[in-house]
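Residues or ranges marked as Ni(2+) binding site by Swiss-Prot: His2. Taken from Swiss-Prot, the feature Zn(2+) binding site applies to Cys73, Cys76, Cys110, Cys113.
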Amino acid sequence: MHEWALADGIVRTAIEFARQHGKEKVLAMRISLGELQDVNQEILEFAINEIKKGTIAEEAELEFIIEEAEFKCRNCGNEWKLKDVKESFNETIKEDIHFIPEVVHAFLACPNCGSRDFEVTKGRGVYLAAIKVEGDDE
């Protein structure tokens, strides 16, 4: 389960950030989940809560935001969102994209011109979007 590895990295990053800034406590973390990554938020939240026990982040509040997947065609410049085409995916394709997001290029084409030459402009990956530490202004 890669959610546990992600959780470990998130908690370690927040703690390191607090320590680098001379703070004794992490109060909150905002975690961005890319839609294309399709991370199980419930498992990730559970893992973060377990990993932060006994640390300066133990009482930190968690906030999750979902970043919609967006694409831009390199051929015609068209921009579209995953939600616009996702209903055409079967469960196998959804699972393939979950584990290896790069395969999205094998299953998606620009809805405007049909090109498979596009870039993922948003909604990929998982990252710590914000950290609130002791002493931050409200």
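Glycine is treated like the rest: Cβ placed from N, Cα and C.
A Cα-Cα distance of 35 Å separates His2 (Ni(2+) binding site) from Cys113 (Zn(2+) binding site).
Neighbours of the Zn(2+) site: apart from Cys73, Cys76, Cys110, Cys113, residues of the same chain with C-beta atoms within 8 angstroms of the site's C-beta centroid are Arg74, Asn75, Gly77, Asn78, Pro111, Asn112, Gly114, Ser115, Asp117, Phe118. Just so you know, the Cβ of Cys73 (Zn(2+) binding site) picks up 20 other Cβ atoms within 10 Å once every protein chain is counted.
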